[in-house]
Every structure is written in structure tokens, then in C-alpha cells.
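Asks: Copied straight from TrEMBL:
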type	residues	note
TRANSMEM	21-41	transmembrane segment
TRANSMEM	73-97	transmembrane segment
TRANSMEM	109-127	transmembrane segment
TRANSMEM	133-155	transmembrane segment
TRANSMEM	162-182	transmembrane segment
TRANSMEM	188-209	transmembrane segment
TRANSMEM	340-360	transmembrane segment
TRANSMEM	366-385	transmembrane segment
Amino acid sequence: MDRNQRPRSLLDSLGEELIAILTPVSICMFTVVLLVCILNSDPSSSSASFSSIATAAYAESDSDSSWDKFVGALLNSVVFVAAITVATFVLVLLFYLRCVKFLKFYMGFSAFIVLGNLGGEILVLLIDRFRFPIDSITFLILLFNFSVVGVFAVFMSKFSILITQGYLVWIGVLVAYFFTLLPEWTTWVLLVALALYDIAAVLLPVGPLRLLVEMAISRDEDIPALVYEARPVIRNDSRLVQRRVWRERRSNDAENHANRNEVRAVRSEEVEEEHVGSSERAEISVPLIDRRPEQAENSETFLEGIGLGSSGAIKLGLGDFIFYSVLVGRAAMYDLMTVYACYLAIIAGLGITLMLLSVYQKALPALPVSIMLGVVFYFLARLLLEVFVVQCSSNLVMF
């Protein structure tokens with residue numbers, strides 16, 4: 001290997017990092033759009049029959065004025081964000097009290113309900129839509145087994161990483177589809193409110209997500225949460241090797257110490273081979289973040305696991321998947337060209353967030369940029385399409 005070869009810059013691997021997280025996000029959004037087009041092409045036909053905590057303060061009606069709809073949607077968003085904030089602080093409290101087993105049980109039960117209940121409802125609608133012949137007993141057995149396997153794949157980390165990632169994407173699809181059934185005004189105001197909440201929860205010193213992550217890092221523990229992790233690729237003997245990073249921790253300190261020594265040895269070999277002047281203490285290489293030698297000592301103080309994490313791998317919360325998909329799903333109820341515009345806006349927002357991550361080298365919220373761009377592009381696309389339709393109609397009348 002050439003000794004004068006320069007190390008890759010921060011932006012050299014930006015495309016790889018973006019594709020690693022872009023693929024599952026795109027699959028999730030495409031699946032939601034497909035479900036909306038198949039099952040719910042008319043937004044007014046289903047939103048009235050769907051109720052949740054997001055519609056607790058106000059039930060939107062077609063006869064209401066635009067101002068009433070906006071105020072009601074604002075009230076719904078405040079109630080929903082307040083409920084999320086309280087739930088997150090309760091999660092912080094339970095994690096502080098080391099109720100990790102309870103949290104894992106709760107998250108596993110929640111995933112089982114989503115896969116079994118919401119997944120079952122969507123599958124029943126699809127079976128009815130395509131007239132697929134299956135008896136109820138076989139359907140229930142298959143659904144139960146699918147849900148149980150999903151819980152073990154997501155929280156036990158004993159399965160192939162592709163299976164785990166597939167289940168996480170499917171959970172995001174299920175929740176996102178039911179969010180698209182919310183009233184239109186409530187949906188858009190709620191998306192903006194959640195983007196603002198994401199900024200406060202991640203960046204403020206007293207933000208619940210920031211407190212949760214700092215506590216997890218100080219204890220060297222994983223947070224029992226639904227987080228999609230794009231596994232990075234490391235170089236070993238001039239070959240690219242995908243390394244599976246297990247989430248469970250060793251129960252014994254000696255074993256943990258031996259494992260860290262082994263990881264450091266791997267990193268030392270890589271440094272000698274490539275002759276670069278930096279040293280990593282992480283268990284995997286992070287091409288997006290270029291830490292200096294003086295930063296390696298304190299690399300464990302970086303936040304991870306919220307939005308786009310800066311240590312180990314890109315981590316994107318499942319909530320980001322869900323609300324990206326809600327945006328394009330709602331756009332699919334209007335026009336597919338609007339879906340395309342919103343999709344490009346979301347992808348552009350992810351790219352901007354990754355660039356900011358490479359500059360600031362700290363965890364950042366993944367919702368704000370993408371959601372704001374998506375909302376702006378949605379209304380601009382609708383406006384341009386309406387102007388185009390009116391112009392075409394006037395031209396036809398003239399002829």
C-alpha cells in the first residue's frame with residue numbers, strides 16, 4: 001500500500017453513509033405510499049372513522065372553517081406532543097432507576113401489539129382487497145408467529161441483521177399508515193410540531209432524549225428503543241467486511257475488558273496498514289466522523305442513537321421513518337407528482353443533516369430539515385399543479 005496515500009476526507013464517504021440509511025427509508029416510504037394508493041385513495045373516507053390521542057382535542061369536520069381547522073389541529077398537536085414529552089420523561093426516570101428489564105418488556109409488548117394488531121388489520125384489508133383465500137385459523141397462527149419472531153428479532157439481537165432491519169422497517173410502515181388516516185389539517189400541523197419537538201428534545205441540555213442518551217453513555221448501556229442502525233463497513237486485509245455489532249453487553253467485566261483489548265488491536269493493525277495519524281477507540285470505524293488524536297480520549301462522550309448518531313454507525317430513530325412516511329403518504333392522497341416532490345425534499349433533508357453531522361460531529365435531530373423541506377415542497381407542488389390545471393382549462397375553453 002502506498003505510504004503517501006492520504007486518508008479519506010469527511011465528505012468522501014458521505015454517499016456511502018447516505019445510501020446506507022436512504023435505502024430503508026425509501027423502502028418504508030414507498031410501502032406506505034403503495035398501501036395508501038391501494039387501501040385509502042380517498043382521504044375523507046377514512047379519517048372520520050379513525051381516532052387516537054392525536055385527535056383527542058378536536059375532531060375535524062368538512063363543514064368547519066379553515067381557521068377552526070387550524071386552531072383545532074394546533075390543539076391536537078399540543079396534546080400529542082405533550083403526551084410524547086411526558087412519556088419520554090417517564091422513560092428517562094425508569095432508565096435512571098435501572099428498570100431496564102421492565103422497559104425491554106414494555107417495548108417488546110408494544111412491538112408485538114403493533115405487529116399483531118395493526119399488522120393484522122392491514123393484512124385483513126389486503127386479503128379482502130385482493131380476494132386472497134385463507135381461513136381465519138391459519139391466518140391467526142401465521143400472524144402470531146410472525147409477531148413473536150419480530151419481537152425476538154428486534155430486541156434479542158440473535159437474528160440476522162437483515163431480519164432485524166426488515167422488522168423495524170415493517171413496524172414503521174404499519175404505524176405510518178395509520179397516521180395517514182388522521183385529518184389533513186391535523187397531519188400537517190402535527191408534523192411541524194414534531195419537528196420542533198425533535199429539536200428541543202435532542203439539542204436542549206434538559207431535553208428528554210439528550211438526558212436519556214447521556215445517561216446511557218455514562219453507564220455504557222443500550223437504550224431499549226426502536227432504533228434503526230446502519231451497520232458500517234470496516235476494512236480488513238484489503239477486503240470490505242460487514243461486521244455485526246451485538247447490542248447485548250457482557251455481564252462480566254473481565255470479558256468486557258478482553259473484548260475492548262481485541263477491538264483496539266484490530267484498530268491498531270488498521271492504523272499501521274494505512275499509516276494515518278489518528279486512532280479510534282470505537283468498536284467500528286466511522287468514515288463520516290474524522291476524530292483527531294486528542295479527541296480519541298473522549299470519544300465516549302459523544303451522543304449516539306438519536307437522529308443521526310455520531311459513533312459506531314448511523315442510527316435513525318423509528319419515529320423518523322414513521323413521520324417521513326406519513327408525509328409522503330398524505331401527499332399520495334393528492335397526486336403522485338406531489339409524492340415525488342416530497343420524497344426528493346426528504347432525501348435532500350437527510351443529506352443536509354449528514355453534512356451538518358460531519359461538520360458538528362455531534363448527534364443531531366433528523367426530523368426538522370427533512371420535514372420542513374417536505375412540507376414546503378408539498379404545498380408548492382400543490383400550488384403549481386393547481387395553477388397548471390387552471391391554465392390548461394382556460395386554454396381549452398379558448399379553443
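Just so it is clear, glycine is given a Cβ too, placed from its N, Cα and C backbone atoms.
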Asks: When each of 21-41, 73-97, 109-127, 340-360, 366-385 is checked against the transmembrane segment (162-182) for Cβ pairs under 8 Å, which one has the most?
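Replies: If we count Cβ pairs closer than 8 Å to the transmembrane segment (162-182), 21-41 scores highest.
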Asks: Tally Cβ pairs under 8 Å between the transmembrane segment (188-209) and each listed stretch (109-127, 340-360, 366-385), then give the stretch with the top tally.
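Replies: Ranking 109-127, 340-360, 366-385 by Cβ pairs under 8 Å to the transmembrane segment (188-209) puts 366-385 first.
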Asks: Going along the chain, which residues at least six beyond the ends of the transmembrane segment (109-127) come within the CB cut-off of under 8 Å?
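Replies: Same-chain contacts beyond the flanks: 35, 38-39, 134, 139, 143-144, 146-148, 150-151, 154-155, 167, 170-171, 174-175, 177-178, 226.
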